[in-house]
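Quick look at what TrEMBL lists:
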DOMAIN    143-480  domain 'RCC1-like'
REPEAT    164-215  repeat 'RCC1'
REPEAT    216-270  repeat 'RCC1'
REPEAT    271-322  repeat 'RCC1'
REPEAT    326-379  repeat 'RCC1'
REPEAT    380-431  repeat 'RCC1'
Amino acid sequence: MQCPMDAAASGTSPVMQCHSIPDESTSHSSPLPTVLERSQRHCYGDGTPGEFPLAVSPSIVLHVLSACDLDPKDLAALEATCTLFSKPANFAPYFALSLPELASFDMCQKRTMFKLMTQEEKECLKQQCGGSWKHVLRYILVREKNVSRVIAGPGHSIVVTTSGDVYSFGANCSGQLGLGDSEDRFKPCLIRSLQGIRITQAAVGSRRTMLVSDTGRVYAFGKDSFRGAESVEAAHTNQITTPKVVESLKGVFVVQAVIGGYFSAVLSREGRVYTFSWGKSERLGHNSEPSDVEPRLLSELEDVPVAYISAGNCYLLMLAYQPNGMSVYSVGCGLGGKLGHGCKNNKGMPKLIEQFRSLSFNPVSIAAGTWHAAALGADGRVCTWGWGHTGCLGHGDEEYKAVPTVVEGLRNVKAVHLSTGEYTTFVVADNGDVYSCGSSESLNLAFQGDDEAEEEEGPDFSTPSIVESLKALNKKVAQVCPTNASYWLNSEMGHPHTFAVMESGVLCAFGGGTRGQLGVKLLEGVEKVSVPMHVPIDLS
């Protein structure tokens with residue numbers, strides 16, 4: 001494991017808080033013994049050459065633990081090894097905390113969302129997460145590992161770089177690119193009006209975009225409605241062509257936003273979920289009009305810290321943090337069994353999906369597709385449920401599943417990432433291979449050939465298959481991001497498209513591109529491509 005101890009070598013200059021330990025001596029009585037000790041590779045004491053008694057300098061140990069970005073599980077394992085890591089480290093002002101606990105706190109403190117909290121708010125979050133800073137760190141990391149910086153919307157695309165800059169391209173009929181006009185773009189364009197604002201996450205819907213900054217502000221542009229899909233009132237909806245702060249959310253520190261087919265939702269840093277619109281008939285736990293601009297708290301989960309949310313066309317999944325494992329809640333339209341409760345009933349209030357416990361399945365990631373859903377387990381297994389049209393669930397048929405069901409076709413694959421679109425599922429394995437199942441009509445699968453050369457019945461995509469066109473690139477894939485919206489509601493935007501993010505930071509795209517959503521201008525008469533094309537943005 002490489003530890004970034006030398007800031008100068010990496011080209012960065014992190015500002016770290018140095019803790020002082022009472023009575024820790026770092027001086028010698030004369031320079032001669034120091035020289036002798038160094039020549040014998042003795043650091044302190046009477047140890048054999050090459051040994052370094054860690055207990056002599058806990059501040060160095062703390063620096064290493066914090067700088068290496070260790071996983072909370074690794075820190076907990078260290079705490080169980082010996083008294084050096086389990087006893088109080090005696091650092092002011094947290095004298096009773098162990099070194100792993102202090103390292104966890106320091107790593108939380110690197111995040112702006114945590115740094116800007118009052119001490120009382122930090123302690124409250126700590127208790128909500130289980131009473132440990134290691135739990136708080138894990139809670140934060142769950143969202144960071146799930147959030148994608150590349151979003152393939154219906155007709156337009158958004159890319160957020162590691163430095164917080166935002167590029168947009170594609171359809172711009174409602175100003176959804178945030179560039180100050182309504183002209184389509186066929187190559188990535190930097191949203192310059194966001195200069196000085198660090199964006200951490202983006203959400204894309206039909207003719208609308210929402211961005212979240214590291215200070216918890218939400219910026220929106222495009223169609224001025226929290227409904228993602230088109231509606232009869234669309235002709236009368238105002239348009240915003242440059243990023244504008246969502247005033248109704250100024251009292252909420254937002255860390256994530258999502259746009260579904262008929263609603264929008266945001267997640268606060270405290271783990272609370274707020275929804276906009278589509279609240280009639282208790283679909284999302286409250287009654288509201290489509291034009292509603294006020295965030296409505298899902299109070300049923302107020303005491304359950306939610307780490308990540310994912311929106312489908314008409315339902316919402318929530319990944320909740322618990323010290324002994326994650327859990328998943330769902331709310332909204334239950335047609336096709338996509339809420340995962342064993343029935344097709346709608347749920348107006350969030351309800352725990354209990355099937356995971358029966359499967360001994362610890363979910364660490366969720367993906368709410370347009371009409372079906374998927375979850376990734378800590379052990380690398382994948383579950384899918386909901387509508388099974390075109391075989392998108394990967395179970396070898398097109399039957400719906402009303403509860404999460406393990407995909408047996410991936411039993412020899414350790415999955416590390418998954419994503420869903422409209423009747424499409426992608427799974428990335430730990431070796432970088434990409435598997436997919438479901439509809440090939442939208443070219444979201446990127447491995448079908450010439451339409452005229454295909455057999456009349458077409459290939460079978462009801463079980464997971466390797467996406468050969470991505471494998472042929474000889475680059476390890478980290479994430480796949482398909483359009484997750486109804487094609488029927490957004491047909492004027494062209495065919496759906498998909499991005500593949502490589503571990504190296506290279507970005508590729510395939511699928512529909514008539515509006516510029518691939519980041520490149522296609523040849524005249526060409527509407528879609530099945531071979532991944534390079535997008536000129538570096539995400540390394």
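Each residue, glycine too, has its Cβ placed from N, Cα and C.
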Secondary structure composition of the repeat 'RCC1' (271-322) [DSSP: H/G/I, E/B, coil]: 6 helix, 18 strand, 28 coil
Residue distribution over DSSP helix, strand and coil in the repeat 'RCC1' (380-431): 6 helix, 23 strand, 23 coil
Per-residue pLDDT averaged over the repeat 'RCC1' (216-270), given as an integer: 85
